[in-house]
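Listed in TrEMBL for this protein:
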TRANSMEM  84-103  transmembrane segment
TRANSMEM  115-134  transmembrane segment
TRANSMEM  155-176  transmembrane segment
TRANSMEM  207-226  transmembrane segment
TRANSMEM  233-254  transmembrane segment
TRANSMEM  274-293  transmembrane segment
TRANSMEM  305-331  transmembrane segment
TRANSMEM  351-379  transmembrane segment
TRANSMEM  400-419  transmembrane segment
TRANSMEM  425-448  transmembrane segment
TRANSMEM  460-480  transmembrane segment
TRANSMEM  492-512  transmembrane segment
Amino acid sequence: MGTGNEANGGGSSGLTRRRVCTFRKDDFLPEESFRSWGNYASALKQTPHRLVDRIFTRSSVEAELEVKARSGNEMKRTLSWWDLMWFGMGAVIGAGIFVLTGLEAREHAGPAVVLSYAVSGLSALLSVFCYTEFAVEIPVAGGSFAYLRVELGDFVAFIAAGNILLEYVIGGAAVARSWTSYFATLCNHDPDDFRILVHGLAPGYNLLDPIAVGIMIVICIIAVLSTKGSSRLNYIASVVHLVVILFIIIAGLIKADPKNYTPFAPFGPRGIFKASAVLFFAYVGFDAVSTMAEETKNPARDVPIGLVGSMVITTTIYCLLAITLCLMQPYTSIDVNAPFSRAFEMVGWSWAQYVVAAGALKGMTSVLLVSAVGQARYLTHIARTHMMPPWFAKVDHKTGTPINATIVMLAATAVIALFTDLGILSSLLSISTLFIFTLVALALLVRLWFFVPPARNPKLWGVPLVPWLPSASIAINIFLLGSIDKHSFERFAAWTALLLVYYLFFGLHASYDTAKAFDVKAGQEGMYRKVEEGQVSSATISGFDGVDTRNAPSAPAP
């Protein structure tokens, strides 16, 4: 069954020296249900029974920690709260502020875009508190996927997992295309000068962006080499980035004209909240930091400081930048591709646009790097459960990084970045992100208040003001979801339907087999412990001695 070939598919210390990027059948479908067509047909007949089992079965904290062994090698614990804080700022401050601020100020919010950032920031901060408790209590690479498995079950966790992966791919693609826009500004060109128009493709997908693909290749190489090395590079890039941000705020306010703040909210409250829903994209990335808990020296101390600290600093920076941009020029004249660079050009400081463009490129490079690190770790933990092929779970023994997961995720990101327009990407990304954050807040309520008294008390760090804080997070997220356009929901529904098809035909049966094999193994080990403690005789477990957990039978059809 699922763990039957963990030595082959999930990784075992005996085989870790084998090259990571190699392919064998058992790397992808090692479970009992896929050993033959007959087994697969039998598994499909049991789909209703297995689906009910996976919906109502919950994982445990201990099980989530145990599955780390399926990667073959441990991730290295090298990160401190300082690293996490810089990773947090590096993950978040990027394309959202440097591109979407101009788009949303011009088309939906006007100067009141600062309020849009404040609303989105509040929602993100509430989500940060929820993530922090889980990251401290369950310090594994799976992030919200692992949290949801423990509290809401495998099925909900898988649907969330698919949207988490979509979030990272789309977010990375959006930032990569924005990277091209600011690079064009730095070269004194229009962004479309560096893109290839293909007349046979639909609008929104017909401007190919080879530079975006190139930057993703570079990021991939850095991400697979070393997590600590990625941290150092992110730290340097983020310091330079913050210096440029301070320059934008100070220099921009010198050229400010208060008249540009009138009218303040030309599109009314609806415009403010519509912009807020899209600008939530600007806060995406902090959840990537929660996936690094497995590589953190002291999760109980480092994760809360790193996550909450970086989000407070980021929200403050966003609001200051939004105020500065709208004071420099009328909102109707803001450039939607490179708003800050063009703003300095309009006020007569043409030289400053190059400083801004260079700083934006540094920031977006940090976002891409942290995103690459986070998304690979999500996929790694999902693959450890066999909901995705265990080939993705392998960790290289030299670099201590999940090379297979990193390469595949960034390849998918590069393909999307090559074709898809930023406007399409940002709206779809916001839906996926708000959906996941809502589930995490709901999981926290289930964890603490599903019954009275609380079902689980946090051992190391707990969210304050429960149940009010997670409830407020859910309410704000749902409100923001209501401000997103219909076409984005249609794309979201299509992706979720595709996830369901994959789950019912593959992921369900692989994870079911794996879970049942784990139960057999755990039962065997429990009986042996009782023998050692003298609670039962060795004869009691004689039947267990012959059990081969690799081929433990599937549950019979009801």
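Each Cβ is built from the backbone N, Cα and C atoms, and glycine gets one as well.
Just so you know, TrEMBL annotations never went through curation; they're auto-generated.
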Going through 84-103, 115-134, 233-254, 305-331, 460-480 one by one, which has the most CB pairs that fall under 8 Å from the transmembrane segment (351-379)? 233-254
Counting Cβ pairs under 8 Å that are 6 or more apart in sequence, does the total for the transmembrane segment (274-293) and the transmembrane segment (233-254) reach three or more? no
Criterion met for the transmembrane segment (207-226) and the transmembrane segment (305-331) (at least three Cβ pairs under 8 Å): no
Output the single range from 84-103, 155-176, 400-419, 460-480, 492-512 maximising the number of Cβ pairs under 8 Å to the transmembrane segment (233-254). 84-103
At a threshold of under 8 Å on Cβ distances, which of 84-103, 155-176, 425-448, 492-512 pairs most often with the transmembrane segment (115-134)? 425-448
Which stretch, 84-103, 155-176, 425-448, 492-512, tops the Cβ pairs under 8 Å count with the transmembrane segment (460-480)? 425-448
